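Q: The structure is given below, and queries will be raised subsequently.
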Amino acid sequence: MNSIPRGTTNTAQMITVFLLSFCQVEAQHCVWYGECGESVKVPGKKYNCKYTGSPIPLQSEGYDLLTELCPGYDYGNRSLCCNVDQLRTLKGSLQLPLQFLSRCPACFFNLMNLFCELTCSPHQSQFMNATKVDNINVLEVQYYIGQTFSNAMYNACRDVQAPSSNVKALSLLCGKDAKDCNATNWIQYMFNIENGQTPFPIIPIFSDVPVSGYTPMNNKTYACTEGLEDGSGPCSCQDCTKACGPKPVPPPLPPPWTILGIDAMTVIMWISYIAFLTGGNVLRLIFSSWGSFCVRHPSVVLLGSLILVVASSGGLVYMRITTDPVDLWSAPTSQARQEKDYFDSHFGPFFRTVQLIITSPLQINFTYSPYFGGSDVPFGAVLDKDILHQVLDLQLDIEGLVATYEGQNVTLKDLCLAPLAPYNNNCTILSVLNYFQNSHAVLDHSIGDDFFVYADFHSHFLYCVSAPASLNDTTLLHDPCLGTFGGPVFPWLALGGYDETNYNNATALVITFPLNNYLNDTVKLGKALAWEKEFISFMKNYKNPNLTVAFSAERSIEDELDRESNSDIRTIVISYAIMFIYISLALGHIHSFNRVMVDSKISLGIAGILIVLSSVASSLGIFSYFGIPLTLIVIEVIPFLVLAVGVDNIFIIVQTYQRDERMPQEELHQQIGRILGDVAPSMFLSSFSETVAFFLGALSNMPAVRTFSLFAGLAVFIDFLLQISCFVSLLGLDAKRQEGNRLDIICCVKLPEGQEAKTESFLFRFFKKVYAPFILKEWVRPIIVAVFVGMLSFSIAVVNKVEIGLDQKLSMPDDSYVLDYFKNLTEYLHTGAPVYFVVEDGLNYSSPEGQNVVCGGVGCNNNSLVQQVYAASLISNYTTIAFTPSSWLDDYFDWVKPQSTCCRYYNNTGTFCNASVVNSSCVHCRPMTPSGKQRPEGDDFMRFLPMFLSDNPNVKCGKGGHAAYATAVDLHPNNTGVGATYFMTYHTILKESPDYIDALKMARILAENISQSMDHKVFAYSVFYVFYEQYLTIAYDTALNLSVSLASIFVVTTVLLGFELWSAVIVSLTIAMILVNMFGVMWLWNISLNAVSLVNLVMCCGISVEFCSHIVRAFSISVKKNRVERAEEALEVNTFFGITLTKFGGILILALSKSQIFQVFYFRMYLAIVLLGATHGLIFLPVLLSYIGPTVNKAKVFAANQRYAGTERERLLNY
């Protein structure tokens, strides 16, 4: 008897073929005995000898072999129709079925039953008919098999898994995908002469009733749910669906919250809206004295400020900028970061990826008609042979790229993942061209004559996509499908744009070059970066009219972010320049054309801007002293923030001075001191509130948010200190210049003396005479309140509908090549990222208890790791787990079985002996005894495990673990035990941020369930988890950060307004409305919630203080008779000149940025912050104060009367 054909892993060799020598014999007679001549069709295989006599007693040397192969079939006196040679051939032929199917004892027993009856049965003549014979050989045979037996054998085997390849075993043993395999075509495939392994045809005939005088072989079978008589248990749930019980049902999605079928939030807010429509002297004295001092001693204040700024900014020499995305988005103490570090330290970092997605603009569609029958198969343009040749040329060109690093040449072979090295140094290339061994010659290989083509690349492709691990296809080509690197190329990794599993309909080819990654080896990492740079340069210059290629390397995203940052510098500089020019010009109050250069305040404006920049530099320097790295968000956002806060304060100080009249007998330093005493408490209120809010924001777990909050809080406070000291001194000097009629900038030039009356600016007069009286009219105020409450109601209704995540496409410039790659990735790819279920160190795999909580075969726990992941894959739409996990433990159990030829060692040295080695000193690892057939335990387990992990798969043993599991098991030093291990599977297709977030969440839930059932720590890890973990808690983080900021603003405002609780409530309420309305804008403008937008929301909280606090404080200290008049007076201290106009021009420039992230998260959000802040501060807040503002504080009225006694103001106050 000879080898059986083998499917994906050379299935054809697993099929035993036999020869019958006559057409009709009497019952109880043989049709063959022994082995004779060489097969004509398959050299190296033998025919069985024609023999029609009675069964012959088996030689004693074959007893153990018969018991091993056919337990329970010793046929009484062991008189059989086979000899020892045939039994040995049977054993050799059944090695691969044994390795893949023995994990389900019932399945393997039934299969052995089929072949034992065929090979050795003394009743052969009852169910076998030799249809072709020659003098001594059987050349063809009919084998009558019961249909009941066939179906039972198939049903017992149909669900058996092949853990290392994440597919069912029948996909590797049936010559086609398991879903297309059935009892009939499986047996026909095993007996098919065209498989290249069967030496002569065996024609199976299926029937449960006698046919042509033959009684079909219909022996007893076992279902996969039954145990065997030798004590073997039922098959596991993973290998036998019927043993699983009911299929797990995902919990139902929570029903949407509705009222009368309408979104509940919308209904509630509409009802609420309709129901609404129908139904400190000490600070002043301190700041006054300080302001007077700064004007009287400007040199001391300016020199002291300069020394402090220079000393603080000196830390910039230690400045570090973090661009590593992992450091930006994941804290070192976060779960994902710790799990990533654990994975990297035990198994090495996840490999670097270089990938191409290739489509064709050609509209070529053709149909392949198989010569040996079958339906026509349509093929798309990318699978045209000419296109494949062109793609192969491109692939070979990339393989040949040579980069230079520090004077050394770097090639792909220096970097690539080669799982079988040093035995096989070929690089892993996941490409459909690897089905053709990356060879033009193999791609062109065909078998045919002058009239017909029997087999070519079409037939080979169709075979390989169903059996990618095959070493020999079953077409006439007999070419291997296994990649040159020694592993399979799964079609879902190499093809894209197909429907279901119709890979022939693919519209895209995917070529992936996995490169080794390095944790702490900067030289090797530098080489990888250099080669990737060369690859990117090559692809940018690659041109082929027949191919459209989207590509990406591991470094691509970081490269494009750097390029984007550099390109945005120009936009940022223009934005700031516009704001600087406006500030410099707007601060001046020009009384007449003749005094333009006297009344302008360009130099003071520039000084104010330098103070803002100095505060930013000081903040960056101080934290750099402490080694805290910066991020791009800090550099891009904080100057904008501090400019907003600082400029507003500058305008308030300058414009208050410009509108003030000096009292009798009052000197300049006393006037400016008095003005500072009036406005500084408000500035201190806003700045201190913002500082506290930002510092509390640093409690966030997100590194980007925490870093921003720290730097922003310190910068805002330093800016305030410089404004009430340095800027006040400069204001005093500028006032003296102006009073001396000296020109701005050229202060040495003096104009002739002339008395100029002070006048009010047009905008000031507009706000005082027109705007304020209008919005506070009796009929206007209800409309304003109704509109703003309506906006709030709408925003609350949609706040839970703002999308969470960050579309990675937004992080790229508009003209980036990576955008095409992202687009094709979403459109064409059919599989998600790999996910690893990591079992941490400490589990005892040498004990049955430790094995049972992990493995997925016979005897394993129903809630073991492998079983739970398998169960999750059954409801992949819910769990996002796509496949059964690859299990090194289950494959090791199959590999080490004594019936297998995989595990052998040299009896003289004890070293491992590969299955392909022919040497008499090689002996089986374990004895053929009942205990030897059990799983290895104790010392036996660790003795043979290193051999398994070093064994390369080959024709005689497809279970070698080197390629699949070399990195999956972290062995203790000197192989004394098993440390951490992983079990890999894949996620389903993930396209958008919510898909990735859901995948992470579901994997963690599954890992937690596994940990509880094992009573041992297991975690799920995938390369993207570290970036998306933030989104699991982003809603909570946002609520916490904003709530803490609002609470701090409330407390600080309460204290600094002299414990006027109601004023603090109004400030906090207005800021909360602005924040809620920001969520409404985010929903309308498709701005997602992520770390960048959270930073902006925290900044919004700070800037909103500027819009609200000054007006509320002005209202609280006003001594007018009623709320409406006090609100009008409060509007005189408005922020329109400061933040609103300053920012508006700068923001509009951001819309011109090439960066999509700038356009979305900076232009849109900044514009919304300024517009919402301005409208709430200048429209809603005065109206709100006119209704429910705090009552007049009599103590403040008395203090004001005392302060202005004997002045013109006393008359106005008493009027």
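Heads up, the Cβ atoms here are built off N, Cα and C, so glycines get one too.
In TrEMBL, annotation is done automatically, which means it is predicted and not curated.
Sharing the feature lines straight out of TrEMBL:
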SIGNAL    1-27  signal peptide
TRANSMEM  267-287  transmembrane segment
TRANSMEM  299-319  transmembrane segment
DOMAIN    568-733  domain 'SSD'
TRANSMEM  573-590  transmembrane segment
TRANSMEM  602-626  transmembrane segment
TRANSMEM  632-654  transmembrane segment
TRANSMEM  708-733  transmembrane segment
TRANSMEM  779-799  transmembrane segment
TRANSMEM  1039-1059  transmembrane segment
TRANSMEM  1066-1085  transmembrane segment
TRANSMEM  1091-1112  transmembrane segment
TRANSMEM  1133-1153  transmembrane segment
TRANSMEM  1165-1188  transmembrane segment
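I'm curious about the neighbourhood of these features; can you describe it?
A: Within the model, the domain 'SSD' (568-733) shows a mean pLDDT value of 78, rounded to a whole number.
Only residues 6 or more beyond the boundaries of the transmembrane segment (602-626), in the same chain, are considered here, and those with a CB under 8 A from a CB of the stretch are 308-309, 312-320, 580, 583-588, 634, 638-639, 642-643, 646-647, 650, 654, 710-712, 714-716, 718-719, 722-723, 726-727, 730-731, 734, 744-745, 747.
Within its own chain, the transmembrane segment (779-799) is flanked in space by residues 263, 265-266, 268-270, 272-273, 276-277, 1073, 1076-1081, 1083-1084, 1175-1176, 1179-1180, 1183-1184, 1186-1187, which lie at least six positions past its ends and keep a Cβ under 8 Å from the stretch.
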Q: Quick one: do the transmembrane segment (1039-1059) and the transmembrane segment (1091-1112) have at least 3 Cβ pairs under 8 Å, skipping pairs fewer than 6 apart in sequence?
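A: Counting Cβ pairs under 8 Å, at least 3, so yes.
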Q: Of the stretches 299-319, 1066-1085, 1091-1112, 1165-1188, which racks up the most C-beta pairs under 8 Å with the transmembrane segment (708-733)?
A: 299-319
